[in-house]
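Chemist: Relevant sequence annotations retrieved from TrEMBL are reproduced here:
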DOMAIN    5-146  domain 'Sodium/calcium exchanger membrane region'
DOMAIN    176-318  domain 'Sodium/calcium exchanger membrane region'
TRANSMEM  6-23  transmembrane segment
TRANSMEM  35-56  transmembrane segment
TRANSMEM  68-91  transmembrane segment
TRANSMEM  103-123  transmembrane segment
TRANSMEM  135-153  transmembrane segment
TRANSMEM  173-191  transmembrane segment
TRANSMEM  211-234  transmembrane segment
TRANSMEM  241-263  transmembrane segment
TRANSMEM  269-289  transmembrane segment
TRANSMEM  301-318  transmembrane segment
Amino acid sequence: MVIKILLVLLGFILIIIGADLLVDGARNIAKKYRIPDVVIGLTIVSLGTSFPEIMITITSAKNEYHDLIFGNALGSNIVNLGLILGTIALIKPVYLDRDTKNIHLPLAVMATAVLAFMGNGLIGTDHVISKLEGWLLIAMSVVYFIVPAYKSLHRIQLTKQHRADQIEDNISLPKSLIYIVLGFIALKFGADFAVDNATIIGQQIGIPESVIGLTIVGMGTALPELITSITATLKGTEGLAIGNLIGSCILNLFLIIGLGAAINPLSFLPIFNLELMFLFGLTFLVWVFSYLGKRNTLSRVEGSILILCFAGYMFVLFN
């Protein structure tokens, strides 16, 4: 047990190091090519910090651990929007740009509703997400990922046309890419150490698989998002943090669930309706907050409310 705890701590250390490298590399690329931080967060960073969820989904689908797949995706999103977004808003009020308010947050609400419809048989097979539905979800995630990536490439091309005035030549692109790759590697192995050993500890003390998925695995695989977002906020690139969180939430519902179903049709247990309802409400609340109070800003008070919602969810889950 002591060794497992030490490996969990080692995982946390690797995640912190990886997040620092990833944020520095992504921030430098954004600065070099004048790409908005939120766009980098929605693409490179969100995909990178979602690697732990992707790896766990592939393994779980092959072994038919359906509870773990749903728990992993839903739990990670609840952690992202409740605990992590609330925490970075407490550190510093978060600016939400027009695309986040009008496109990405509504899409996150829609993604939650689509998954609820599929799981409850309102779309497709009753209480089963089929392989066809899985591929449909994957296609939706690809489209979602490509659109901001295309905008970024277009921006880079425009920047190259005005290289003398726009590109900061003192920033090394190869060095930034190396930072990003090393950050991904550290995040991947750190999450593996933390989640695998925390799951074993949970099993040894008798925590059910569905609860492990929603808590230990869900929170564990959200660690890259947590540390990356806090690091980005402390370094003054909260746009990158927001893009990372919202992008990861949408990828978790479209790509993670879709991947699991494409490998092996997923049985949807009614118990997950409670988590879906809570996630839908939490996502909708963040969307509403984006239009309240100070213009385009998520305040510390609103961040506190999100954290309280997360604490209430954890209390209900364990009681």
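Yeah, the Cβs are placed from backbone N, Cα and C, and that goes for glycine too.
I would like each feature placed in context: is it buried or exposed, what are its neighbours, and how far apart are things?
Modeler: Sequence-distant neighbours of the transmembrane segment (6-23) (same chain, 6+ residues past either end, Cβ-Cβ under 8 Å): 45, 48-49, 179-180, 182-198, 201, 223-224, 227-228, 230-232, 235, 237, 240.
Long-range Cβ contacts of the transmembrane segment (68-91) within its own chain (Cβ-Cβ under 8 Å, at least 6 residues beyond either end) map to 53, 56-57, 60-61, 112, 209-215, 217-219, 221-222, 225-226, 229-230, 233-234, 238, 241-242, 245, 248-249, 252-253, 256-257, 260, 266, 268-269, 272, 275-276, 278-279, 282-283, 286, 298-300, 302-307, 309-310, 313.
Beyond the transmembrane segment (103-123), the same-chain residues lying 6 or more positions past its ends with a Cβ under 8 Å from any Cβ of the stretch are 42, 77, 96, 129, 133, 137, 140, 144, 246-247, 249-250, 253-254, 257, 268, 272-273, 276-277, 279-280, 283-284, 286-287, 290.
Here the transmembrane segment (269-289) has Cβ contacts under 8 Å with residues 66-67, 70-71, 74-75, 77-78, 81-82, 85, 101, 105-106, 108-109, 112-113, 115-116, 119-120, 127, 210, 214, 249, 298, 302, 305-306, 309, 313 of the same chain, all six or more residues outside its ends.
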Chemist: So which of 35-56, 173-191, 301-318 is most in touch with the transmembrane segment (241-263), counting Cβ pairs under 8 Å?
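Modeler: Maximum Cβ contact count belongs to 35-56.
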